[in-house]
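Structure first, then comments.
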Amino acid sequence: MGKHPYIVWHKSFITKADRQDKNNHKSCVLWFTGLSGSGKSSLANALDKKLHSLGIQSYVLDGDNIRHGLNKGLGFSKEDRKENIRRIGEVSKLFVDSGTIVSTAFISPFREDRCSVRELFPEGEFIEIYVRCPLEICEGRDPKGLYKKARSGEIKDFTGISSPYEEPVNPELIIETNSKSLTKSVDIIVDYLQSNKII
Ligand SMILES: Nc1ncnc2c1ncn2[C@@H]1O[C@H](COP(=O)(O)OS(=O)(=O)O)[C@@H](OP(=O)(O)O)[C@H]1O
Ligand SMILES: Nc1ncnc2c1ncn2[C@@H]1O[C@H](COP(=O)(O)OP(=O)(O)O)[C@@H](O)[C@H]1O
């Protein structure tokens, strides 16, 4: 779908830089990607709590929740996942524009889709965090009982079982949730934000 010929971009008076100045920190998207059960939601929410306690404007967009509303109706075919990620990329951009540090917790299994989101942002504002955890551990955790259903064939196209997960090639951070505690993982991300002068 191309751009509409009669729709013109309306510039706002207040810029992203103005909003960042007001907040006293920069804004960015922390793009958590990984298998179901790898720890994306747990990590994004624990980080959000920590950032909030530091007085930072932050927010979490979570796959399960977004699929109840904005992306209700999208399934798990390659095309639907692509559209899911495209929309979240655009929503994340709005959050970053508003001066917020937004954490997104979506499997986002396809490299090409994640790269397209990265291209929406200037250098340094898209931080890809690979939440790495072996499939057998994720399957052992099975917090929602979905792997069991995927193995029995009740759920089709399940990531890691009957649909691919393409690992990030050059993520800004890799967090191994099999060997690192949640607290330690949060500290690593906060350190990254501090050393890159985002907070
Ligand atoms: N077929 C299939 N494959 C993978 N996941 C499935 C599927 N069906 C339902 N679920 C549940 O939906 C959550 C993943 O949604 P996402 O929006 O993150 O997926 S994607 O990025 O579009 O691939 C995922 O949540 P997480 O476990 O938090 O990752 C599952 O709870
Ligand atoms: N170090 C860890 N980091 C994150 N989650 C962990 C860790 N160790 C165990 N877990 C558990 O793994 C599960 C991960 O589930 P969840 O956060 O919903 O993952 P995802 O959003 O990737 O599907 C949770 O039950 C969580 O308590």
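Yeah, the Cβs are placed from backbone N, Cα and C, and that goes for glycine too.
The domain 'APS kinase' annotation in TrEMBL covers 26-175.
Around SER41 (ATP binding site), the same-chain residues at least 6 positions away in sequence with a Cβ under 8 Å from its Cβ are ASP62, GLY63, ASP64, ALA105. Annotation source TrEMBL lists ATP binding site at GLY34, LEU35, SER36, GLY37, SER38, GLY39, LYS40, SER41.
In the three-state DSSP reading, SER108 (active site, phosphoserine intermediate) counts as coil. The annotation active site, phosphoserine intermediate is assigned in TrEMBL to SER108.
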Fill in the blank from the handout: Residues sitting within 8 A of the centre of the GLY34, LEU35, SER36, GLY37, SER38, GLY39, LYS40, SER41 CB atoms (ATP site), not counting those, run ALA105, ILE107, VAL131, CYS133, CYS138, THR177
Fill in the blank from the handout: DSSP says LYS40 (ATP binding site), in three-state terms, is helix
Handout entry: SER108 (active site, phosphoserine intermediate) and LYS40 (ATP binding site), distance between Cα atoms, whole Å
Key = 11
